[in-house]
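Read the structure below first, then the notes.
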Amino acid sequence: VAGGTGRRLTGLAGLAGPVAPPVFSADGKAALVVAPVVAADGFEAGRTVQRMRDVVAAGLPPGLAVQVTGPAGFTADLGAVFSGVDRSLLAVTALLVVAVLVAVYRSPLLPLVVLASAGLALIAASSVVYPLAAKGVLTLSGQGQGILFILVFGACTDYALLFIARYQEELAARPDHRSALKAAFRVAESIVASAGTVVLGLCCLLLSALSSNRGLGPVAAIGIVSALVSSLTFLPAALLLLGRAAFWPRHRRSRGTRWERVARLVGRRPRLVWAGTALVLAGLAAFVPLLRADGVPPADVFLGPSDAVSGQEVLAAHFPGAERSPVVVIAPQERAAEVAARIRAVPGVTAVHPGTGQADGKVELDVSVNVPEAAGPGIVRAAVAGVPGVLVGGQAAIQAEIRDAAERDRVVVIPAVLGVVLLVLVLLLRAVLLPLVLVATVVLSYLATLGAGALVFDDVLHLPGADPSLPLYAFVFLVTLGVDYNIFLMTRAREESFVDGPAAGTAKALTLTGPVITSAGVVLAATFAALAVLPILFMAQIAFLVAFGVLLDTLVVRSLLVPAVAVHLGRWGWWPGRVGRHAC
């Protein structure tokens, strides 16, 4: 049967060369057939693997199972997971957004208006991103597609909540909803500044050495711009048409709120509040070194069933060591014997086999090792050092280079994002000290989130590790989105401080913005949590980190730490700008 399988695969479109003869396991219960797959991208590899699966599955005798595994098999299974991302992710996200909005507004109309605004934003973003991706201008992966959906829904809903909250304030002071809507546009400055900060921060991903990161930056930035435009055009137009009926059935709000109590606490004991809060966050941040973000084996990437994973399990059971990706060595044909001898002499190398490729005077050698997979390329490179024309590659080598690139990205991209955020805050708040403090708080919040993630992933869920890009993705989203809420709070604090002074102005801003910013944070956390419906380890981990981080930033950092520091600094926090006469 194994020989027949190889013959059926020979000549199949997408294969780079002849299919190797079958290798039988020592127990006689399994056979291994190696087929070289060549593809320009993951989508083409997925199509080739699907054709292989269709061919080998045809005419199998009862009781015999065939799996297609290896790098191409895993790529195909990843593509299959993301192929249905549109429907499942949109459905879960829409349900979560509607549930939160109904709880916030107690109205059947407003949630539908906000949902329509988010839907239009997603259509607008998709109409730009997909054509550009088809022309090769942008790189759009399944992972990026899922993040685009979540980001557009979350950001558009956030901006809508903030605009509607200011509109409600103005409606309470004005009889005419048209004049109230016009006055509500005063909040547009902070919304535009927030969106601009996110866009600039995402564009910093263009500095990444990894194409997947570079591709995500502009894709997500287009989504944020679409969310901003929809929130400041379609949403106000819909509110203008609906008038006060948008809030039907109207309900009375309680004058005394918990946010007034929080503001009083912050105003009375600012030093105690910010010191205690910072201490708790620093305690969580202390666990960051426990986060193992050095990559995971391909078989551990999937949280659901996978044909490629099943194939790896068969390999591990019947061909010990074969489940590891071999180190691939390309050598000049005349030096192949010397290269093979050098490699065989290295401790940890179990076998050197001729590969499936041979062209242009080059020979491929597949090297099996019994050392940790990440160490394989290193010991092979050391063995062939000094032999001209020899290249060392393979899946393990690629993963090692990805880890190196991810470490480099953290050194380059993170300072760039912080610089962009600081510049926007300085220009917006017309101050120096407070922007520095705000940047420090979002960094502390990010580190606390990573620490919490390390505890949950390792000690609670016992996960095998994390993708090397996970810390960078979490940083970009948490810092750019987290600073949003600081922008909304502190721009309102600056506005109120011109009348009441820094302490009273900050307290009033916290009281007025607390409910809506908390609602916005819950919505954003819920939308990112929807990524967990995808049975991929990276998506589940980024879903947890961003959802937890947004809630931490909303409920702790922006509610306690930031206002307490602002009250403590008083007039000095706004230097060199000026605020109200009543300094604290």
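Residue numbers in this text run from 1 along the chain shown.
Note that Cβ sites are derived from N, Cα and C of the backbone, with glycine treated the same way.
Just so you know, TrEMBL annotations are computer predictions that nobody has curated.
Database features (TrEMBL):
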{"type": "DOMAIN", "residues": "19-272", "note": "domain 'Membrane transport protein MMPL'"}
{"type": "TRANSMEM", "residues": "88-105", "note": "transmembrane segment"}
{"type": "TRANSMEM", "residues": "112-134", "note": "transmembrane segment"}
{"type": "TRANSMEM", "residues": "146-167", "note": "transmembrane segment"}
{"type": "TRANSMEM", "residues": "187-210", "note": "transmembrane segment"}
{"type": "TRANSMEM", "residues": "216-243", "note": "transmembrane segment"}
{"type": "TRANSMEM", "residues": "272-291", "note": "transmembrane segment"}
{"type": "DOMAIN", "residues": "389-576", "note": "domain 'Membrane transport protein MMPL'"}
{"type": "TRANSMEM", "residues": "411-429", "note": "transmembrane segment"}
{"type": "TRANSMEM", "residues": "436-457", "note": "transmembrane segment"}
{"type": "TRANSMEM", "residues": "469-488", "note": "transmembrane segment"}
{"type": "TRANSMEM", "residues": "509-532", "note": "transmembrane segment"}
{"type": "TRANSMEM", "residues": "538-561", "note": "transmembrane segment"}
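Contact between the transmembrane segment (146-167) and the transmembrane segment (88-105) is supported: at least 3 Cβ pairs lie under 8 Å, counting only residues 6 or more apart in sequence. Stretch with the largest number of CB pairs closer than 8 A to the transmembrane segment (411-429), among 187-210, 272-291, 538-561: 187-210. Within the chain carrying the transmembrane segment (272-291), a Cβ under 8 angstroms from the stretch's Cβ atoms is held by residues 265-266, 444-445, 447-455, 457-458, 466, 471, 552, 556-557, 560-561, 564-565, 568, all 6 or more beyond its ends. Of the two recorded stretches, the transmembrane segment (187-210) lies close to the transmembrane segment (216-243), with three or more CB pairs under 8 Å once pairs fewer than 6 apart in sequence are set aside. The transmembrane segment (538-561) makes contact with the transmembrane segment (436-457), as judged by at least three Cβ pairs under 8 Å among residues 6 or more apart in sequence. Counted over residue pairs separated by six or more positions, the transmembrane segment (88-105) shares at least 3 Cβ pairs under 8 angstroms with the transmembrane segment (509-532), which defines the two as touching.
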